[in-house]
Amino acid sequence: MKEPIRIAVVGSGYVGLVAALCFAEMGHEVLCVDNDERKVAALQGGDTLIHENHLPELLNRYRNQQVRFTTDLAEATRLCAAIFIAVGTPQSETGDADLSYVEAVASEIARHIDSYKVIVEKSTVPVYTNEWIRRVIERNGVRRDAFDVVSNPEFLREGTAVEDFLHPDRIVVGADSERAAKVLNAIYAPLTDGSYYDSPTKIPGCCSRENLPPLLNTSTKSAEIIKHASNAFLALKISFINAVSNLCEAADANVEQVARGIGLDSRIGPKFLRPGIGYGGSCFPKDVAAFRSVADQMGVDFNLLAEVEKINVNQKKRFLAKVRGALWTLRGKRLAVLGLAFKGDTDDIRESPAIDLVEMLLGEGCVVVAYDPAAMKRAQAELPPSVQMRYAESVDDAVRDADAVLVLTDWREFAEIDLEQLHSLLRYPIVIDGRNLFDPARMAEAGFTYLSVGRATVTPVRETVDNVA
Ligand code: UDX
């Protein structure tokens, strides 16, 4: 390993914490700064605060050693060569990203710059943010040659964040000066030269000496647009397949077969073609809205993104219509909801389509009993008291005596449910699956009325045979 680089990461949310620990894993020395003292204390004490594979292991390995958690941004600025800004950029009322946290951090950094620093945008920000950060720092009296602002977007997914960081499809470094690009290229060298992949304790993943991640050097503005365009494109792919799934329902075709048929075209690719109840999470909804707003402000017609959003909203309404279609009236019906997280393998419920659906069902007067393997604690803590569902202890507890089961999150645990047991616990054997976790033929065989997305509804095989007999 070459000389470790001293790196500050400001913000210890999803992106910041994962980046801080992964930089340490790559051999660097990291100061992770957050202004929330309770968060800093929890991290110092070994609590990751989020549910994420590999994170507890990395936190235990590096906390209070190669990674120090602190509230002191002044010290971090003085000590570190590169300062990554990874604070939140929530959606404002107009759909724009709210950049006030980024601005506050930039002016605070400016007050403590005493030698050349590279300031790195790691948060997802609209194009031109680097210009604003530069202006803010200059306005605070820092000379233009004492710093550079670089964009280094992060593409990690929740649930596989550590693996994604250390085994990326690509690393994007948007820098308008060679000096700054060099610092970033050196930070990522353990990945791009493959030395990290020789480590016997490395986090496993798809990259190796033979399959090194490419590093793409671009202008700062291009890098900013790459991040928004990537997320918007992935959201578009999901809305596209959801629209196709609706067509499949109307035409009595099977969307899984269609998705496979189009995904095998290497120009399209098989990923992000899973139909469902629409995309959610802390990124796609916010980033599609922000990208659309950027285009609007620049006078560029990007109405395609409005359609992407419209399909996403409609997908939830269609699912509710499906529930109504299967159960007729909804008031007083007892529904087992499996899954609250916005996707499997995470406890995150931000912008979760499952939560939106629970709210819609409660609005219709249903009694909702929900179970999620990881997200219930957060749901209880974060949802307003008006969202009155009962939290079950297990799948069995949730489905007992229910009028139907609704599958809203793609947890593997749900796909592996014992169907006989499920059948025996339900009041009526009806499964309405928003994530296509089951094979319709198998469900019919097991005695269920089974509704899914973009595939024909099936009814119990057993019942038909019994009736004939
Ligand atoms: C996303 C991007 O993938 C990541 O690159 C970026 O850095 C942050 O945003 P994340 O929000 O963690 O990551 O989740 P992701 O796995 O992309 O799923 C987002 C949403 O789309 C989920 O609600 C998921 O269920 C849904 N989805 C995903 C589908 O409905 N169908 C698919 O085929 C894929």
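Every residue, even glycine, has its Cβ placed from backbone N, Cα and C.
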For the substrate site that TrEMBL gives with PHE155, LEU156, ARG157, GLU158, PHE272, LEU273, ARG274, PRO275, GLY276, GLY280, LYS343, which of LYS39, LYS221, LYS227 also belongs there?
LYS227
One of THR48, THR77, THR124, THR329 listed by TrEMBL as binding NAD(+) at the site of ASP34, LYS39, THR89, GLU158, LYS286, ARG350
THR124
Determine, to the nearest whole angstrom, how far the Cα atom of ARG157 (substrate binding site) is from the Cα atom of LYS286 (NAD(+) binding site).
15
Please work out the mean pLDDT for the residues of the domain 'UDP-glucose/GDP-mannose dehydrogenase C-terminal' (336-440).
97
Integer Å distance between the CA atoms belonging to GLY280 (substrate binding site) and ARG350 (NAD(+) binding site)
7
For the recorded positions LYS39, ARG157, LYS227, CYS283, LYS286, which residues place their CB under 6 A from an atom of ligand 1?
ARG157, CYS283
A 10 Å Cα radius around LYS39 (NAD(+) binding site) captures, of the recorded positions PHE155, LEU273, CYS283, exactly none
From binding-site residues THR124, GLU158, LYS286, the one whose Cα lies nearest LYS227 (substrate binding site):
THR124
The answer, for which of the binding-site residues LYS39, ARG157, LYS227, LYS286, ARG350 has its Cβ ringed by the most other Cβ atoms inside 10 Å, is LYS227
